[in-house]
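A.B. asks: I have a structure here, written as structure tokens, and I will follow up with some questions on it.
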Amino acid sequence: MPNPLPLVFDAPRRAKPPRHFADLDATARAAAVAELGLPAFRAKQLATQYYGRLTADPQQMTDLPAAVREQVAEALFPDLLTAVREIETDAGETRKVLWRAVDGTTFESVLMRYSDRNTVCISSQAGCGMACPFCATGQGGLQRNLSTAEILEQVRAAAVELRDRDGEGIAPAARGGRLSNIVFMGMGEPLANYNRVIAAVRRIVAPPPDGFGISARSVTVSTVGLAPAIRKLADERLNVTLALSLHAPDDELRDTLVPVNNRWKVSEALDAARYYADVTGRRVSIEYALIRDVNDQPWRADLLGKRLHGALGPLVHVNVIPLNPTPGSEWDASPKPAEREFVRRVRERGVSCTVRDTRGREIAAACGQLAAEG
């Protein structure tokens, strides 16, 4: 067991990234355009370009006069992120990008193409302060929160990649298409960067020209169980999918595997999840990384099924995740027979349960592997 790291909820104070158009809601966009002395209709033009046409370079916004392009480029469209490394696997169907921000901070996103959907896994923080010992991100500590624009730029870049992608050596499923799903399951605890994440979600789900127009049902916000923030998220009425990273049904083990459990116990996290389900009518996803001889015992499967059925009834689904290897970890995934028995026992308690498809393990792009190295 690695030496436990402290929980960190408040990101270290660092200089803020430069203001970007994507940081601004409709009211702030109108104010920013007015500050530049431009007519009000330019705000909608810019939003249509960014959210509707996925254009972040004003020089490509040919419906704007050249002088206006120069003006907004300097004031509203600074270069925020640089892709410093891109790695692919699965014949191009899984692609990990290492991003570097203007202050040198690094973080990662992962684009995954499936036959029926295209999903981008995005980061909400550089690093993570939740200190889960089986997660490479958590063991790296928290550098800082990402800005709303830094979050949204990951989404826009993925949408552009899908729209423009083609070429030899690329599987047919990896060619072209439209971004359909967003999961806040990259680096960081989304609910610890609450205001910026919520602002990003609002822009993701709003129809163009105010946002990317992704269905709220296709957006998943993950959390290790910040119970008050889960309730707050429910009250936003955004109706996104909530994914609770549980990983153990009992406090004794979860106190170690998910250190935030020392603040909010399993019962408190499940009560908050039930509140979310009641308010939104949405089924809650439970994430459970299955670790050999740690949390895969039959009695824990029974307890998990019992507690989830009691707390959430039919409004729950368990995603069992075979543990992905991380550097220096002494743990590994449960054997397949143990995995199958675990799933069977959870289902026996009346709870929907499946094993999640693991993508990107070979390029350290799978759940728990993102470390922004290099």
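Backbone N, Cα and C define each Cβ position, glycine as well.
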A.B. asks: Can you match one of S180, S222, S267, S334 to the S-adenosyl-L-methionine site that Swiss-Prot gives for G188, E189, S245, L246, H247, N324?
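C.D. replies: When Swiss-Prot describes the S-adenosyl-L-methionine site, the candidate it includes is S222.
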A.B. asks: Rounded to whole angstrom, what's the largest C-alpha distance between any two of G188, E189, S222, S245, L246, H247, N324, listed as binding S-adenosyl-L-methionine?
C.D. replies: 19
A.B. asks: Neighbour count, 10 Å Cβ-Cβ cut-off, for S222 (S-adenosyl-L-methionine binding site): what number do you get?
C.D. replies: 22
